[in-house]
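Presented below is the structure to which this report refers.
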Amino acid sequence: MNGYSEAETVYTRRFSPQNCAPPAALAAPFQSLFPICFVPVTSCGNDSCEYLLSSGRFLGEKVWQPHSCMMHKYKISEAKNCLVDKHIAFIGDSRIRQLFYSFVKIINPQFKEEGNKHGNIPFEDKISSVKVDFLWHPEVNGSMKQCIKVWTEDSVAKPHVIVAGAATWSIKIHNGSNEALSQYKMNITSIAPLLEKLAKTSDVYWVLQDPVYEDLLSENRKMITNEKIDAYNEAAVSILNSSTRNSKSNVKMFSVSKLIAQETITESLDGLHLPESSRETSAMILMNVYCNKILKPVDGSCCQPRPPLTLIQKLAACFFTLSIIGYLIFYIIHRNTHRKNKPCTDLESGEEKKNIINTSVSPLEVLLQSFCKLGLIMAYFYMCDRANLFMKENKFYTHSTFFIPIIYILVLGVFYNENTKETKVLNREQTDEWKGWMQLVILIYHISGASTFLPVYMHIRVLVAAYLFQTGYGHFSYFWIKGDFGIHRVCQGAFEKIFSLWPLSKCFELKGNVYEWWFRWRLDRYVVFHGMLFAFIYLALQKRQVLSEGKGEPLFSNKISNFLLFISVVSFLTYSIWASSCKNKAECNELHPSVSVVQILAFILIRNIPGYARSVYSSFFAWFGKISLELFICQYHIWLAADTRGILVLIPGNPMLNIIVSTFIFVCVAHEISQITNDLAQIIIPKDNSSLLKRLACIAAFFCGLLILSSIQDKSRH
């Protein structure tokens, strides 16, 4: 393609929302903290819809990424649910007709592109009462004006959504003359007030003209140049935006299709009309603009308003604010006390007289300090996850984005190694190492969008956790609970009934169902029994003194050790090949719970049979293993977005720097939360049994109160 004119570049810069600054009151505190890397994180009018309608980029083939938010790919049922009893009207030329067809195919993929090309085309889905019409008006003239004017009358039912646009026919019929452009300006000036009036009660979108591929245009279309298209677009934008004097125009500019066309117009068959994949993207953008605020999909952050503060969030904010005030009071008192007890000089002897200072910190001060730090962290959680202050973008998987970080952390893990304090099978350093590298793999899997190999790592982790629970590490006991519920399962219906009961439903239901809980249980349903069996065999062998767990000694005799290592390596490689070549995820999920124990046991033997391997561990992985739970929980709120479907964007326009900065903050926060929870555990959980029971009762009452408040809030919403 021979490129675009200078006018195209000027237009993009002038009307792109990246040039819009956020409200000063909102931007000021963050700009003072990050003066160098600060860029606007909110669109004009604080509305991500404007970004969705006017900016974005291709992550890969047919994968469109809006500048600041996440697009949801609507299914047929979702589209019908959103558009029930709605009327959508497309009015314009053949390009608008293409957009109409792509939009209708989201609702009904079987709809054929048939009918009179130069006439009106109706569509209606009787089940959902969705009506979509295409009205043939290829020029902005009196005919189009009359059609729009009818909708402004009070007695006529107005479409809920109006999508309009035209220009190429005017350029073609009048051979690209300047007089035609002047007439276009006059006509759109007369239509602008009507569109503005409709925009008060309906969603009105004016579709700007896409560029053309001039080399492919037929002879009777050669006058349709990108320079002419730019001129018509600038006229439409300037007139429609100035149609209201004292406020912003309610007519929305649909200019994003221009950016899509710049990348895909070379695939056009005639140089004028976009390929099907491009217009499907534009139609999906329209669906997101209208439906996201109605259905509020988890992975569709575009056009969703900030959710209102809940009662629990307000109470939490008050609690943490009081904690911060209390800690500041303690800090001021402690500092004044320290000054009063500062060593003074004896004037006679010239020596310092040291006062005896009680440097011990009271438990109340530690408690307030922990809540103070936790409150600041929760405020950051809220800003990232709920306030829509920062951008969120979709993930795009490539092999390099997954395997390069995997290789990098593997090299670091091997480089940083130390001798273990003990050489028993699954010693504490080794299990911390396992938790660490598996958590890092899971994090890389989530941020890269990968979908293979994860079940292997997850089940190794779960089996190790189950084993640890049998040997006394009680913080992994939730795996036992998970398996225990599985034992008493009769059928999925009974399973759902149990976890749909209040208050269990508040903990396990997601959008009114327990599918996620059921799905996770099915994947891990045998791991507890495998862990119990492994623990029993291990303790039996240890009691009979079959195992040699000294430093540098092989776990069994040389012959048995070599045989088991050979079998383990073969089993490990066989399962890995099967997992990597799996084509049908559903079938693999069915087989995996039964056969994964072979792979896991093979890994355990490979890691522990050689004495030298059992005597060392990776301190790099072990460090992450000690905060693995915090990393796993925090990733959903301050690193990723939309339940791992997207990525939090702190620094727009630079993906690599954004990942580095957000990851650094994420790891620091997870480590700090680990320290906070340890401090709180020492204070809240006393060694005295009677005091422990009282505090546990208080904690139970506290959470019951939260459940009751949450239920009252849910009822008030409905």
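Quick reminder: no glycine exception, Cβ is built from N, Cα and C everywhere.
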According to TrEMBL, transmembrane segment applies to one of these ranges: 464-481, 590-607. Which one is it?
464-481
Please find, within the list 22-39, 562-579, the residue stretch that TrEMBL describes as transmembrane segment.
562-579
Transmembrane segment per TrEMBL sits at which of 282-303, 436-457?
436-457
Over the domain 'Cas1p 10 TM acyl transferase' (492-696), what does the predicted model average in pLDDT?
86
How about long-range neighbours of the transmembrane segment (621-641): same chain, 6 or more residues beyond its ends, C-beta under 8 Å?
70, 301, 380-381, 384-385, 392-393, 413, 429, 431-440, 442-443, 446-447, 647-648, 662-663, 665-667, 669-671, 673-674, 677
For the transmembrane segment (692-712), which recorded stretch in the set 311-333, 396-416, 562-579 gives the largest number of Cβ pairs separated by under 8 Å?
311-333
